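Trainee: Below is the structure I would like to discuss, written out as structure tokens.
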């Protein structure tokens, strides 16, 4: 494929070394690493099984929706993880019960399936379940928790226990999910979610896990960073890593360029334009961009993406945009204007051939997604962008930094 990415079919287990320090200071209280693995997304799994996505209804093309806790509605937005490709591992309880989770900057709550989930929910049958009776450190809370997705509702109740993440143990309130829709979660490689957002995004105002880690004073800096391997197409390859308390210079070059957040409470920054080739095509008057580790693709409003796809000559196929594979290498660069710099993706970064599809058509890792106010309308920069640019989330200074990944 002349260097451009082929999407993997395999599911992988995580290797997590909380105290691994290759290339980092030997003080284990300074940095903590979480190693990630790459997996097929739920959407890929559905397509591989021959599921007609059009029959699932239009809600499957809307990856975002408002959330609610009990009778209160939050303006927070959370992905439905249809296209999520990276997961890591945490332990909950004493002794730790291990779960594969998505680390998501677009949300702030932690949740995993509960042993109290009825076997009538097929998704629970296919996932690891937290059993409070097996944990000596468990504390009951019981507050009802409901996460409303565009593809269904995940609900349960809050509990408290010790969570181990990256070698750090922290007492954390989390959701035990007792109701999960079969689709999409039955096909998910991950069990649950660890939100890396702010308390303003947290359903029920539950203190996010990173805030609780910071309160222990075990990290050198109030930051965490994400690296997604651009060459993780085989089972032996590291999918990526998260560094708590800093960044890993082994995986980026040069210095970070920082952009201040629009406001405290959401990982969202201003954007000054989107260029195709040498011409600014979109966002000429300025717009917003979420930096979302829970999403695989880059997304923008339907009107923006339709204009972008017209410029690229791409055609819509159900919920994707495709081009002829032999045309992929000739597609122009796409640049995102952030903080006075242009962050450029070549066609090798945003065009891929799906392993289950015809070799004649290739998919663009760019989707339309209409996010309502107050967070939207906004672009979202997911793994397609983060694979190219190592990303640091700076809580102390309310900013996001980018450096060229390698």
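Using N, Cα and C of the backbone, Cβ positions are placed for all residues, glycine too.
What Swiss-Prot records for this protein is below:
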type	residues	note
ACT_SITE	104	active site
ACT_SITE	292	active site
DISULFID	117-124	disulfide bond
DISULFID	283-287	disulfide bond
DISULFID	325-362	disulfide bond
DOMAIN	86-403	domain 'Peptidase A1'
CARBOHYD	71	N-linked glycosylation site
CARBOHYD	141	N-linked glycosylation site
SIGNAL	1-23	signal peptide
Trainee: Per residue, counting other C-beta atoms within 10 angstroms of the C-beta, which of the disulfide-bonded residues 283, 362 reaches the highest number?
Mentor: 362
Trainee: Using a 10 Å radius around each Cβ and counting other Cβ atoms from all shown chains, which of the recorded positions 287, 292 yields the largest count?
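Mentor: Most Cβ neighbours within 10 Å: 292.
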Trainee: Restricting to the domain 'Peptidase A1' (86-403), report the mean pLDDT as a whole number.
Mentor: 91
Trainee: With every protein chain in view, what's the tally of Cβ atoms within 10 Å of the Cβ of residue 325 (disulfide bond), excluding that atom itself?
Mentor: 20
Trainee: Name the one residue among 117, 124, 325 whose Cα is closest in three-dimensional space to that of residue 141 (N-linked glycosylation site); these are the disulfide-bonded residues.
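Mentor: Given the candidates 117, 124, 325, the nearest one is 117.
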Trainee: Highest CB neighbour count within 10 A among the disulfide-bonded residues 117, 124?
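Mentor: Top count of Cβ atoms within 10 Å goes to 124.
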Trainee: Around the C-beta of residue 104 (active site), how many further C-beta atoms are within 10 angstroms, looking at every protein chain?
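Mentor: Excluding its own Cβ, residue 104 (active site) sees 21 Cβ atoms within 10 Å.
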Trainee: Cα-Cα, whole number of Å: residue 117 (disulfide bond) versus residue 292 (active site)?
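Mentor: Here the two Cα atoms are 29 Å apart.
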Trainee: Spatially speaking, which of the recorded positions 104, 124, 325, 362 is closest to residue 287 (disulfide bond)? Use C-alpha to C-alpha, please.
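Mentor: Smallest Cα separation from residue 287 (disulfide bond) among 104, 124, 325, 362: 104.
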Trainee: Give me the Cα-Cα distance between residue 362 (disulfide bond) and residue 124 (disulfide bond), rounded to a whole Å.
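Mentor: Taking the Cα atoms only, residue 362 (disulfide bond) lies 34 Å from residue 124 (disulfide bond).
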Trainee: Just to verify a number: CA distance, residue 325 (disulfide bond) to residue 283 (disulfide bond), in angstrom, no decimals.
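Mentor: With the alpha carbons as reference points, the distance is 28 Å.
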Trainee: Taking residue 292 (active site) as the reference, which of 104, 124, 283 (the recorded positions) have a CA within 10 A of its CA?
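Mentor: Checking Cα-Cα distances against residue 292 (active site), the recorded positions within 10 Å turn out to be 104.
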Trainee: Roughly how many angstrom lie between the C-alpha atoms of residue 124 (disulfide bond) and residue 104 (active site)?
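Mentor: Rounded to the nearest whole number, the Cα-Cα distance is 21 Å.
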Trainee: Among all protein chains shown, how many Cβ atoms are found within 10 Å of the Cβ of residue 141 (N-linked glycosylation site), not counting that one?
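Mentor: Excluding its own Cβ, residue 141 (N-linked glycosylation site) sees 15 Cβ atoms within 10 Å.
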Trainee: Compute the C-alpha separation of residue 283 (disulfide bond) from residue 104 (active site), stating it in Å without decimals.
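Mentor: If we compare the Cα positions of residue 283 (disulfide bond) and residue 104 (active site), the gap is 26 Å.
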